């Protein structure tokens, strides 16, 4: 195991197209880090630079105490698990897991010990004589992970390993990955576009957008205090509501705010008590998680939501509607009697209000 350091890491392609912009991160020995972001944000490129499959055009990558920029992948003491398994179809499960050790010249007894140990961890022991075509998708992915485990690397790299699995298998494999990391304690860097995977697996997560770091933190920190409107809209399902607001006429900094209605709409919403010490500009974006917009009695309401659609999902329901013409989502108790066409009185607590600068999208702190 080893710590992993990314220091001003950059990637520029021919024609001065920069796709990774000066990324810095210190990853502790044994930490599980998830890089999450939309397609094309640079997350797989960053992972491939750590692996040695892409050249680095700026900065340094340290694995342990070594700068690995110019080392071949085989010299970096890493093991990588890919999205598409990359198994040899003519080889058995045992031989797929053992192949990398064989070409390194390891003794047969040591290979057998490592393969059998990994197979026991991953519940693959009964399948060691099978070919990949005889396995389910989840079993194939476990073989790919077993092939990485037998190398006993300093760092595991995962490139969207669950993307090819169906929804039920993804949940199962998430749990298995979490348990595997708990048992092995190996430093891990995991790439995904799926924010649920990021939230459930990560010790800390890095949110990437267009090759730049938007935020680094624990899943709870990122969810509870998003650093930008991008993070607020990307992390969470449904995402955070973002509503334009303005200071009431005549109010000074920190005064009441009102929702800015779309033309021809009446917002009828004034935010009463803003968080202490919060200084807001004339215009801002208000962020509210769907679970923090609470249905209430009419006399307690700060706004009314015009409900268009209600989705019943069992334990929860979601009401999709508008507030002054601005789209909002409200999470409801499954027993709430709300229907399309209702005007739903709602309120919220000051500690659940988030504010962002409309020009930069950055969080406004108290």
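Placed from the backbone N, Cα and C atoms, the Cβ positions cover glycine too.
As recorded in Swiss-Prot:
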- 37, 38, 39, 40, 41, 42, 43, 44: ATP binding site (BINDING)
- 4-235: domain 'ABC transporter' (DOMAIN)
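Considering only the binding-site residues 39, 44, the Cβ with the fewest other Cβ atoms within 10 Å is that of 39. Note: residue 40 (ATP binding site) has non-local neighbours 210, i.e. same-chain residues 6+ apart with C-beta under 8 A of its own C-beta. The binding-site residues considered are 37, 38, 42; of these, 38 has the fewest other C-beta atoms within 10 angstroms of its C-beta. Residue 43 (ATP binding site) falls within a helical segment according to DSSP.
Taking a C-beta cut-off of under 8 Å and a sequence gap of six or more, residue 41 (ATP binding site) has these contacts in its own chain: 208, 209, 210, 211. Within 8 Å of the centroid of the Cβ atoms of 37, 38, 39, 40, 41, 42, 43, 44, where the record puts ATP, the same chain has further Cβ atoms from 193, 208.
Other C-beta atoms found within 10 angstroms of the C-beta of residue 43 (ATP binding site) number 25, with every protein chain shown included.
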